[in-house]
Amino acid sequence: MKEPSRKKVPNQSYGFYEQPQQEPGSCYWPPINHVDGLYSDDAFDQNHLPSEAFKQYCNLESSSGTNSYPHQNSSSTASFTSNGSPSSHQECHSYPIDLYHSPDNNCGSPISRSCLTDDAADDLRHKIRELETAMLGPDADGLDVYSITEPIHPLLPVQDAGWKDVADIISRRDLKEMLCACARAIDENDMLTGEWLVSELRGMVSVSGEPIQRLGAYLLEALVARTASSGSSIYKALKCKEPIGAELLSYMHVLYEICPYFKFGYLSANGAIAEAIKGENRVHIIDFQIAQGNQWITLMQALANRPGGPPKVTITGIDDSTSAFARGGGLEIVRKRLLILAESLKIPFEFHGIAGSASEIQREDLKVQPGEAIAVSFSLVLHHMPDESVGSQNHRDRILQLVKSLSPKVVTVVELESNNNTAPFLSRFLQTLKYYTAVFESIDVTLPRDHKERINVEQHCLARDIVNLVACEGTERIERHELFRKWRSRLFMAGFKPHPLSPFVNATIEALLKNYCDKYTLEERDGVLYLGWLNQNLVTSSAWI
């Protein structure tokens, strides 16, 4: 008997959240270059078009985050037989099986043959509402959720061998493997497989579970958003809010304290700048992402203690609407904070604020004066600038060339060691999974899994970037990281030469890492510092002249 072919569904566009248009932005990082050894290369070697294949949506809410999940019974118009093929039984039951413990994630669960019906849709819709409230806060009450309107039909043609493969994947209960299978199904526009895997994954992820369960929760949300064409809306809605007073600042402060990523970048950049401006009487620092201005506190303290007295310091801070939203106000807040600091240190000080996108900066905006020693800081900001792969203008190279024309004493670049700018969807998903696994594991060793601040940090400072990386394409994808070797090529083309960091800077970073888990790694290659977690490089820091 001839086997029927699997149903393919054309791309469709559905809304997930109805959001007012807001400026995109980012609070923190995200993904990696090599996924060798994670899964077989031949399984993910095709460049597929983005797909938006299925209409059924999942939530991040799950069981308690342990390795034990409740069995379910529900009536359905579709279920799956023991061989993994769809059947038309009216009753759908969950069948317990031995827990499978993956060597990677220790995440096990009995198989749950979840079947989606109108009743299940009501329950799913309720759980999505709970998820939105958890992730977006009370404002989620005003959002519209698109409900499930077309349950899986039991008679849709399928390919038995394909369903058996999916059933085997599900039976192993390996969360990473299932997430990757789901991403591949979405990439191939395979609606039924995607729905099946989403329904199973819903019971395996948890925002308060193991690191892979927590990451899986946000990746699952991103996959669903991709099928619903809602990634951009979620990214904008999840921008780092300031719900109560300076609560957001506390989220970022927690992240700053529990992980060395920010401190690594700030200390290494400040060390390079301090060396480059020795003996200068007028210093002009141009910060392309001023944020809270915290990077310059330690540098100004060092300048205040300089033999012969401190120089006159001018800081030009470039800011976007997301940072202003996070602070609860514009650049005046940063100006006052740094002015108070300068007065206490008796440093002559000026602050120039530029409210707008760093990509749009022109030379005249910077107000550089003759005789100033110029230092430029690019801390986790260049990857937000679009290049030729996004539009007709290559802002990355243009900004670097503009900065070179200023003849700066030093330029510092801190970026994530990641490769997802032009990567196709499936490759980008695998990189995001591997990169953020290291990030979530590093957080896990510092804060308990049920710690409210940890959940807030991950939801407000990490989840939004994950959604943008996985769910968005084209101009809507703001998170576009490149490996250091690509940044090096861009800097060389702009006329820069590498300026190796001094042994003193390296020693300072090594001393910093002693205050953290010994799983963090620090490596210097050709004057560039690489900060990592186990065998995964996460952040690079370099200096240029």
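For all residues, glycine too, the Cβ spot is worked out from N, Cα and C.
Here TrEMBL flags 1-24 (among others) as region 'Disordered'.
Summarising the annotation, TrEMBL assigns compositional bias 'Polar residues' to 10-24.
Residues or ranges marked as region 'Disordered' in TrEMBL: 65-87 (among others).
The compositional bias 'Low complexity' feature in TrEMBL is assigned to 74-87.
TrEMBL lists 173-233 with the feature region 'Leucine repeat I (LRI)'.
Taken residue by residue, the region 'VHIID' (252-317) breaks down under DSSP into 33 helix, 12 strand, 21 coil. What TrEMBL records for 252-317 is region 'VHIID'.
Here the motif 'VHIID' (283-287) has Cβ contacts under 8 Å with residues 273, 277, 293, 295-296, 299, 303, 311-318, 366, 368-369, 372-377, 379, 403, 406, 408 of the same chain, all six or more residues outside its ends. According to TrEMBL, the feature motif 'VHIID' maps to 283-287.
Summarising the annotation, TrEMBL assigns region 'Leucine repeat II (LRII)' to 333-365. Across the region 'Leucine repeat II (LRII)' (333-365), the DSSP tally of helix, strand and coil residues reads 19 helix, 7 strand, 7 coil.
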Could you tell me what the rest of the chain brings near the region 'Leucine repeat II (LRII)' (333-365), counting residues at least six beyond its ends with Cβ under 8 Å?
288-290, 292-293, 296-297, 300-301, 303-304, 310-321, 324, 327, 381, 384-386, 395, 399, 402, 405-406
Of the residues in the region 'Leucine repeat I (LRI)' (173-233), how many are helix, strand and coil by DSSP?
44 helix, 0 strand, 17 coil
